[in-house]
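Quick one: this structure, given as structure tokens, is what I'll be asking you about.
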Amino acid sequence: MGRSPCCDKLGLKKGPWTPEEDQKLLAYIEEHGHGSWRSLPEKAGLHRCGKSCRLRWTNYLRPDIKRGKFNLQEEQTIIQLHALLGNRWSAIATHLPKRTDNEIKNYWNTHLKKRLVKMGIDPVTHKPKNETPLSSLGLSKNAAILSHTAQWESARLEAEARLARESKLLHLQHYQTKTSSQPHHHHGFTHKSLLPNWTTKPHEDQQQLESPTSTVSFSEMKESIPAKIEFVGSSTGVTLMKEPEHDWINSTMHEFETTQMGEGIEEGFTGLLLGGDSIDRSFSGDKNETAGESSGGDCNYYEDNKNYLDSIFNFVDPSPSDSPMF
């Protein structure tokens, strides 16, 4: 026991619309708007129910409706979406601009459905029918392509929906991470922050201290002075933090005097390293002595060099008790 149509209940006209009725409906809506569809037929002078007027306007008389034959792209879209969505014509119509769901449904039932049946494809499942041998009809290739296209389109639509959701979630997570993160400030001090302010004493910047073995001036070295001084020569590994400016200059002058005192020893050691003949003679003397063919003069020369090297090593690497602590 369903509801009886409103046209039967009220005794209104049914069936196809005439051009005169279409003109009355268009004229009234253009002048007054449709308003309430229930009261529109009486105001427009039509012997139709409100539902019939609404469907006539929505599916046929709207000015933005695309009329005419469906093109090939629209037919493929309808078949692919029908394989995915079934008879949900309103959802299919959203993918076809300016086409109504009623028009799409009519075109499916009158053209596309019959075409699939002739190709041996079930219009409901979009799969080849088992009872009809497709090879005998010569349509197996087209059916396979159509089935594959429908499956691919279904997978594509599902993938697009999934990617849209994931992209929205990633964008939200990135925004939350960006807003929650705060910049980290490092409070470490560089060696320049520990050095004294040399610019406060301009008369000291003009003092040039030259080393007998280096051409670097003291003003060029002041930017690269480390924050602490470690005496490697001491076996105890004593590390002294940077002293004030006056104490540091005194220690530097003391080291400069020590360097001048050892100038003669450094010259001898440099001559030993750079003198190719002396090195060759020392090594040749070592080899000849091992082989039992060395002369007395070479042995004496080798012993002198050995004693000389021992004295240099003792000077460079003194014992902890003799290490100067400035």
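Glycine too: its Cβ is placed from the backbone N, Cα and C atoms.
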Can you say which of 65-88, 89-112 is given as DNA-binding region in Swiss-Prot?
89-112
For the domain 'HTH myb-type 2' (62-116), what's the model's average pLDDT?
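In the predicted model, the domain 'HTH myb-type 2' (62-116) has a mean pLDDT of 92.
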Run through the DNA-binding region (37-61) and tell me, per DSSP, how many residues are helix, strand and coil.
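The counts are 17 helix, 0 strand, 8 coil.
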